[in-house]
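*Asks:* This is the structure I want to talk about, given as structure tokens.
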Amino acid sequence: MIKKIAVLTSGGDAPGMNAAIRGVVRSALAAGLEVYGIYEGYYGLYHNKVKQMTRYSVSDIINRGGTFLGSARFPEFKDPAVRAKCAEILRSHGIDALVVIGGDGSYMGAKLLTEEHGFPCVGIPGTIDNDVAGTDYTIGYQTALQTAVEAIDRLRDTSSSHQRISIVEIMGRHCSDLAISAGIAGGCEYIVASEVEFNREELIQQIERSIIKGKRHAIIAITELICDVNELAREIESRVKHETRATILGHIQRGGTPCAFDRILGSRMGVYAVDLLMQGKGGYCVGIQNEQLVHHDIIDAINNMRREFKADWLALSKRLD
């Protein structure tokens with residue numbers, strides 16, 4: 001019978017994480033459980049940064065971006081001895097189960113605690129990249145999408161004024177959901193996705209044809225890590241004789257007030273994670289599919305499940321050019 005649970009956020013922060021923490025804390029307290037917050041992720045767990053939460057610990061945070069518990073990269077968690085110490089610290093506080101909010105790396109940590117130490121963990125997908133298997137949306141994705149679209153709108157204003165080609169690099173690592181969605185919503189003339197081999201020559205030829213037809217400015221949305229966008233801008237400008245500039249949105253996409261969707265999603269997932277633990281279901285991760293909350297075996301989600309590439313969305317963007 002679970003009496004005490006803990007919650008931590010790990011990896012990159014995402015708008016809506018605070019709503020998820022709040023959902024965990026308040027629903028667990030309402031069920032008569034004790035709740036502990038672990039500050040600075042797995043790093044904080046290893047250094048025993050554990051504090052008991054009350055309902056007032058999570059007051060006035062639902063509208064705040066980031067995570068008030070903090071987060072930190074902690075590659076040392078790959079060491080079995082480090083994980084053993086973390087499990088020991090959890091048990092020293094009498095904690096029976098753990099909720100982990102984060103991306104794939106955070107899930108891996110929860111998976112190892114479950115596998116190696118029999119510690120019940122539930123993962124909640126929190127990352128702007130929307131690259132976690134087993135869910136249609138991750139917490140933070142919709143807010144980051146809105147941020148990217150607003151940036152594209154602003155770039156279009158200045159690009160049209162100066163007849164300029166603008167390249168905007170959007171986060172996502174190896175998942176192009178953000179770039180594709182922002183590109184469609186922002187009316188980008190070209191979208192470069194990481195799931196499709198980048199053909200630089202083809203892109204430049206497309207731009208040249210557009211200029212011949214009278215196009216005076218353009219926006220190119222590209223997922224990060226595909227190429228050096230500043231170097232690409234220089235090459236395009238040299239080839240097509242049209243001023244070209246690159247903008248890297250970077251970490252601005254992680255910040256800001258979470259949108260209503262992410263606040264609601266985080267709240268729902270936080271409560272659902274507690275429900276699973278109270279039912280004795282540790283070793284799972286939470287998701288939302290077709291607007292319904294679901295859960296999957298966390299080991300299966302990491303090892304066997306893959307996110308589907310939005311190829312039809314990319315095809316749609318080309319028809320809208």
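Here, residue 1 is simply the first one shown, and the rest follow in order.
The backbone N, Cα and C atoms fix where each Cβ goes, and this holds for glycine too.
From Swiss-Prot, here are the annotated features:
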| type | residues | note |
| --- | --- | --- |
| ACT_SITE | ASP129 | active site, proton acceptor |
| BINDING | GLY12, ARG73, PHE74, GLY103, ASP104, GLY105, SER106 | ATP binding site |
| BINDING | 22-26, 55-60, ARG156, 187-189, LYS213, 215-217 | ADP binding site |
| BINDING | ASP104 | Mg(2+) binding site |
| BINDING | THR127, ILE128, ASP129, ARG164, MET171, GLY172, ARG173, GLU224, ARG245, HIS251, ILE252, GLN253, ARG254 | substrate binding site |
*Asks:* Taking PHE74 (ATP binding site) as the reference, which of THR127, MET171, GLY187, HIS217, ARG245 (the binding-site residues) have a CA within 10 A of its CA?
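*Replies:* Hits: none.
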*Asks:* List the Cα distance (Å, whole number) between ARG254 (substrate binding site) and LYS213 (ADP binding site).
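*Replies:* For ARG254 (substrate binding site) versus LYS213 (ADP binding site), the Cα atoms are 38 Å apart.
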*Asks:* Taking only the Cα atoms, work out how far ASP129 (active site, proton acceptor) lies from MET171 (substrate binding site), in Å, as a whole number.
*Replies:* 7
*Asks:* What is the Cβ neighbour count of GLY187 (ADP binding site) at a 10 Å cut-off, with all protein chains included?
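*Replies:* If we count other Cβ atoms within 10 Å of GLY187 (ADP binding site), we arrive at 15.
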*Asks:* What subset of the binding-site residues GLY12, VAL25, TYR56, SER106, GLY187 lies within 10 angstroms of ILE252 (substrate binding site) at the C-alpha level?
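*Replies:* Of everything listed, nothing lies within 10 Å of ILE252 (substrate binding site) (Cα to Cα).
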*Asks:* Which are the residues of the chain, GLY12, ARG73, PHE74, GLY103, ASP104, GLY105, SER106 excluded, whose CB is within 8 A of where the CB atoms of the ATP site average out, their centroid?
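*Replies:* Other same-chain residues near the ATP site: SER10, GLY11, GLY41, GLY102, GLY109.
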*Asks:* Taking every protein chain in this structure into account, which of the binding-site residues TYR56, PHE74 has the most other Cβ atoms within 10 Å of its Cβ?
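*Replies:* By the 10 Å Cβ neighbour count, PHE74 comes out on top.
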